[in-house]
Each structure stands twice: as structure tokens, then as C-alpha cells.
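Features as listed in TrEMBL:
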- 55-75: transmembrane segment (TRANSMEM)
- 87-109: region 'Disordered' (REGION)
- 89-109: compositional bias 'Basic and acidic residues' (COMPBIAS)
- 150-164: compositional bias 'Polar residues' (COMPBIAS)
- 150-186: region 'Disordered' (REGION)
- 166-182: compositional bias 'Basic and acidic residues' (COMPBIAS)
- 278-299: transmembrane segment (TRANSMEM)
- 325-353: transmembrane segment (TRANSMEM)
- 365-388: transmembrane segment (TRANSMEM)
- 423-445: transmembrane segment (TRANSMEM)
- 470-487: transmembrane segment (TRANSMEM)
- 493-514: transmembrane segment (TRANSMEM)
- 548-567: transmembrane segment (TRANSMEM)
- 587-611: transmembrane segment (TRANSMEM)
- 623-645: transmembrane segment (TRANSMEM)
- 651-672: transmembrane segment (TRANSMEM)
- 764-796: region 'Disordered' (REGION)
- 764-789: compositional bias 'Basic and acidic residues' (COMPBIAS)
Amino acid sequence: MEPLIQPLSTHSIAAIFANGEEFIAPEGTRHLSLLTDDDQVYDNYVPTTNDPGSTLFIIAVCICLASVISLPFAVKVGRKRVAANAAAREQENRPQESRDEISEGRDNQPPKAWYVKIAHGLVDSLVMWRHAHNETRVDNGIVHEARASVSNLRPSDLPQNINLGDSEHEAKQTDDNTKVTQDEAGNESVDVPMDHFEMEETNDDNNQDISTKQSRAKMVKAIAHTAALKVIELGKYDNESKRILKLAIPFMTNNIIKTTADLVLLAIISQNLGTDPMIAFAMVEVIVGVSTSFMMGWIETVNSLGAMAYGAENYELVGQHLQSAVIVFTMCQIPTSIIWGFSMYSIILLFGFTENTAQIASDYVWVYCANQTMFGILQVFIDFLGLIDQEQLGMGFSCCSDLSKVALSAIVLYSTENTTLTIVGLVVLANTCLFVFLTIFISFWKQLTRPYEYGIIGELSLRNKDVMKALIKTGLPLAVGGLLAYAEWEILTIFAAILGPAEAATWAVLGFIWDVFESTTEAIGDAAEVRCAYQLGKGRPEMAKLSAYKSMLLSIVVASIITTVFLCLDDHLPKWLTNDETIQDMLVELFPMMGLGNITMTVGMVCWALIGAQARYQLATTINLLTTVLITIPLGAIMTAGLHIDLQGLTFSIVMGYTMCASIMVLVIMVADWETLSNEIRERVANGDLDIESCSTDGSGLYGAYDWKELPDDVRAAAELLGYNKSLWDRDKEPEAAEKDWSELTPEQQEACRMLGYDEAKWNKDDNKKSGSKYEKVDEDSPKKKYSDNTDTQETVSYDHLDWEDLPEEAQVAAAKLGFDEDLWDDDEEPDECDKPWCELNDEQREAARVLGYNEVKWNLD
């Protein structure tokens, strides 16, 4: 059987490019003839593009290999630059007058040009969006790592002599030109001094040539041997590897379920409804995704503003931010949906599709926009659950929603006749509404929202100027950042439409496959960021570096496995996704290039997360943005509008962009001064500039992330010696001893402090001696303090930290009037009276509550 699209020879392509001749399809190739059978909508379709064969793929492979080969040389140059910068910083220790003069000179510089300000603004928006996109999941992961890593860390896990080609270890010359050492854990490390391989001078030219060849061969062999040993060292399944995998697998499972569900839904629609509904389904998601990526910026504010309020223990404000995000998101979605509803028909026609496809998309877009609105509300509550340390429950809701969406759609499609895409959209909408209800209902039923209810439903957040100002100030950059992150694929979709309607349809389908690739990338990146940020915050730069390199190796292995599986399915996956043979053939052509792109994309995005873990999000985002603007998009324009190459040209442009991005980011990781970065991060955390909660754990205590019952016996005894009990510890309260300076503590108390991970400097510096999961100290001028002052939640007195027997008599009497007894009080349980709102308490109970330090607002919040 002849191929549907006749490939052109390399000679023919060269002639076309050189002479500018118009492409003429070979005789016997099918021409465009849209049939009434929807399953063969592009049956006689002949592309007007140029097929490069395997030329672009070979070029892409060569460029990738060249980037890998040149990396060691780039690292060497980069290290010299870093060393020079370090030396320059040391020389900056000048008298104060000199520094003031320099600062004054900088202040007198002319203002930046408008386009520079715009560029900086766009980069900052992308930085905020990237950071907020996974902020809750990453930060919660870091807090959980603080629990697990303290008890699981073994001395053998600490890198003793792992230079991995990126540190300045010196090796002595040996007879074998290598030195094999053994660290305390028994791990071998091999150093190969490059300057050892020097050619010996001789008067005999022949002997010199032989010696030179032997020396070079021996050097190459030694370097290969060293590299192999270091890869093996990185690949060891030690505790760090376990922690990375333990984090990555849940992240990956959640992401894969979501993207795979969308891909399966696309396949079900294509197999049951035909090609036109499949194209309408894919194109509506691509087009409406422009506004959705912008609107989701309002949703992302829950992760940032909500986290700030939660850290300040202002639970009413957390609820206010949740409510304001939902209201503003919905208000923006409604007019946008109306615009898409009335314009979708014309947009689909502009892409070159048939009127039938345009009509299906025009009907379906209304339901799709309504579903996106409900999905945004669902995402708000899932983010909220992650914010209050219930991320597993939120992840469960998300996964179940995606799975049930596919199941219900399949049931409707396979069990009923004359089903349309709009009906499938209504089923998906009903499923989303169901899970919005279940998420809210179960959260209320389990009393997870109880402290936040007044903020969520007690008053209208639109009246709170501070809340709305913070929402706009934070949400707008996040929205712009989300739009910029989505813009790359949207622009490439327009380029695909220039090539033809079949190419545009194929590119839209390709987006669903690419999303599956990105889901694994994001998961590994999140896990890598958690581990690396945690180790840097703990003051372990060598462990952070080891974790980063292990994550990079893991990303390459996982991407290679996924690519291999993907290529093995190249004969089956296109047939599952569509019945149109033209689209099938176009997809098959793109698979090899996509597999290569998956590897480069995974490495690049994991490195992006690792640079973010170093608190350098702006650098990572700038690199990503520049490679997109300067490489991917211009190259895509040249391949389509200039050379008129088929979709392989667009895929090639993506691969080249990711390759350059990955190369630069790997270089940044390899030349990083990990010790300096760790010190800077710890200093910023101590100053409150970074809100990574567990980073302060090592600087102020080893067991702050533990509950009282989880403490080892000797540690619990030390805590008791300092005045802690279960109630104080679990509620993040401090005993009287915490207010003393180190010199005021008894020798026994100082020894107990050392057991908890303190020395004199840490004790005197730390305001929250337990170093729990919440910051108790809030800056007077910070937004947290300003928001806290908006509500009357200040305690006049509190007995929460005392056991029943330690309560004053009047407090015991008041607690008894509210239904407490000794067992309930000491077990931190509450009687039924505490579930009543303030308005339902009688006068005696209200007075008793006031004795215990409550007023109406505080009672309703708690």
C-alpha cells in the first residue's frame, strides 16, 4: 500500500529551497476532497508543505550531542567566571565612604528605557506564576521532608568525595594516572588529574608520536572510566534517591491521571463521534485556553496570599482570600465566555476548518466555558486543602474527578445513540459540579473549614479594600505569567494553521500527547525542588548538590523510558486517537522528534525547578523566556512561513528551544557555588525574606516539624525539662524558658537545648524556639500584620497551653460551664457547646467564654 503522503527526496527539497519553486505534488498523490463521511474528512488531502524526511531529526540529534560534548568545556569556563566573581566580591570590602560613593553613582544613573521595564515586568510575572503554580505542593513537601529526613538520614548518605566533575578536588599523581580513594561509607571515588597527561619531550619524532597517541588514548580511557564510576555513584539507591522517588511518584501519579484522562477522552470522542467533533473538541480547548490561562491567575492567589495569612494564623483572612478568588474569577469568566461563544464559529473558519466543524465547536464552547468556570472553583478548594495540610485529600478529589469524567463520558457515548459533542460536554460539566459539591460538603463535614468559615461566608470580601488590593496586585502578574507560559504553544498553533487545516488539527491533537510528557516533567521537578530546597535550607550544600544531580539523572532515565514506550506505540497510538489516516500519518512522522524533545524538555524543566530551589526563579524564568522568544518562535516562523516545511519543522523548533534551554540551565547548575547559595538562603529565611518554613528548622531546632507523640523519648524528656508539654508543643506555644537568653538557662537546660538542636547563637536568634510549622512572629509593617489588625482576634488571656490541673479555679469553673471536664481538656477535645456559634450561647456561657479569653469574633473563628 502506498503511503498517504509521498515523501520528497533530499535532492528535490534542496532544489525547492534553492530555486524557490512552487511545490507540485507527485502524480498519484491524493488531493483535497472533503467527503461526507466524517471519519475520512481529510481522506484525499494532499499537503502543500515540504517533507524534510529524516534530515531535521538527524540535525536535532547532532545538535543535542554537540551540546552534551561541549558541556564540560562550558563548565570549565563558567567556573573560572564564578571564581573571578567571587574574588571580585571579596575585594568589595572597602571603606563605607567608597561603598556610599558607588551607591550614589548607581542612583544617579539614567532611568531604564520603557521596553526594558516591560521586559522586566513580563519576566517578573512569569516568575510569580511559575512559583505560585506549585507553591503549596512544594512547600508542604518541604515541611514533610523535615519530618522524614531527620530520622532517615544516615552518615553513609552524606557525600564525602563526590566531585562529579564540578569541584576543585586535587588528586596526586600515581603510576596508573588515577587515584582511587574510599570514603567512610566504602564508596569509591576516582579523580583523574587532567594536567597529568602531558606529553614527554623526546628527540625522536616517531617516539613522540607514539607517546602522544598512547597518552591521549590513556586519558580518554581514564576519563570514560571516571565518568562511568560517577554515574554509578549517582545511580545508587540510597536514602536521598528514596526520598526523591517517594515525593515524585505521588506528584507524577496525580499529573499523569489528569493528562491521560484528557487524552483518553479525546480518543473516545474521536472513535465514537468522528473527526469533526474531535477537531472541535481539541481546538476549543486550545483557543479557550488563552483566556483560561489568564483567569487561573486569580485562582493561584490562594496559594500565595492564602499561605501568608495562614502563616500569620489569620484564618478569617484565609477565607477572605478564597472567597475573593472565586468571585473575581467567576466575574471575569462570564464575559469572556460570552465572547468566545459568539466568536468561536468565525475563529474555527479562520483556521481553515469546515463549516460543520465550526458549528460543532460553536455549540460546544458554551458548555466548555461553563465547565472551565466550575473547574476553577474546584481548583480553588483543592488548593485550599493543600494549604491547610490536606493535600492528599485534595489530590484524591482531583484524581477521582478526572477518572469519573472519562468513565461517565464513555458510558454515555457507548450506551446511547445520536450523542453529540455538546452532550459529552454536559456530562463533563455535571461531573465537575458534582465534585465541587463533594469537595465543599466533605470539607465542611470533616470540619476542615471550621476556622475559616467566617472569612468564606461571613462577610463579602469585595468590601475589604485591603483584600481586593492584594488580590489585584498579586493576581494580575500571575495572570500575565500564565498567559505568557501558554502563549508559546498558541503561537505555534497559528503557525500550524498556516500550513493547512489538517496540520492545525494534528498539532491540536499533538498538544494532548505533549501534556502527558509535561506531567512527568512537572512531577520530577517538584520532587527535585523539594529535596534541593530542603537541603539548602538545612545548611547541607553537598547534600543539595548530590540531590540535584540525582534528580537530573532520574529525569533522564524516566524521560528515556517514557520515550521508549511512546515510540513502541507509534503504530497504535495514532489509530486510537483518530480514524483519519492523514492525521495518523502526520502524527507518526512527528513521534521520533517528539521523543527527543521529551528528553530535552524533561532535563531543562527539572533544572528550572532546581534553580528555583536555589531561590533564583528570576534567572531560570529569564533563560526559559529568552530561549522561547529568540529560538523556538523565530525558528518556527522560518520553518513554516519561510521554508514551508511540514509539522516536523515546528517540532524541530521546539526541540531546539528545549535543547538550548536545558544546556544553559545544566551549565548554571554545574557552576553553582552551592555553599554560598545555602548561606544566602538561610540568611534570607532568618530575615523573613523567604517563606520556606522548614528551612528554619535546622537553624533553630531539629524537631520543630514533629508532633509531641512523634518525638523520641530522650528528646521529649529534654523538651519537658525546658517546660514543654503536649499542649504547648502541638499548639506551637512557648514555655517561660523560651523567653530567657542562653546565659540565663541552667546547665541542665542548656544541655536540653543542645538535644533539641540548639547552640547559643541559634537559641538567642530564634524567636520561635520550637521552630514549628508556623511562624509566630510577624513584622509590624508586613502584610500579615496589617491584615491581622483588620479583625478583632487579639487574645486578652489564654489557658490553652495549660493542663486542667494547672488552670486557675475561675478558669476551671468557666470551662465546666462550657461542658469541659479534665479528660476533654487534656485530650484537646471539645464539648458540643463549642460547636455552637456565639449567638446561640446563653449569657452564662458567653461570660465563661470571656473568662477563657474569647470574644464573639474569636469564638466564631475557632
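Glycine is no exception: its Cβ is also placed from the backbone N, Cα and C atoms.
No curator has checked TrEMBL annotations; they are predicted automatically.
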Contact between the transmembrane segment (493-514) and the transmembrane segment (365-388) (3 or more Cβ pairs under 8 Å, separation 6+): no
Touch test for the transmembrane segment (587-611) and the transmembrane segment (278-299), at least 3 Cβ pairs under 8 Å: no
Most Cβ pairs under 8 Å with the transmembrane segment (651-672), selected from 278-299, 325-353, 623-645: 623-645
Non-local residues, at least 6 beyond the ends, that sit with Cβ under 8 Å of the transmembrane segment (278-299): 41, 129, 266, 269-270, 325, 328-329, 332-333, 336, 340, 344, 347-348, 351, 353, 357-358, 360-361, 364-365, 368-369, 372, 376, 379-380, 383, 421, 471, 475-483, 485-487, 489-490, 493, 504-505, 508-509, 511-512, 578
Distal contacts, the transmembrane segment (423-445) - CB-CB under 8 A, six or more residues away: 265, 269, 273, 364, 367-368, 370-371, 374-375, 377-378, 381-382, 384-385, 393-394, 397, 400-401, 404-405, 408-409, 412-413, 453
Tertiary contacts of the transmembrane segment (623-645), as residues 6+ beyond its ends and Cβ separation under 8 Å: 17, 23, 48-52, 56, 122-123, 126, 484, 488, 491-492, 495-496, 498-499, 604, 608, 652-654, 656-658, 660-661, 664-665, 668
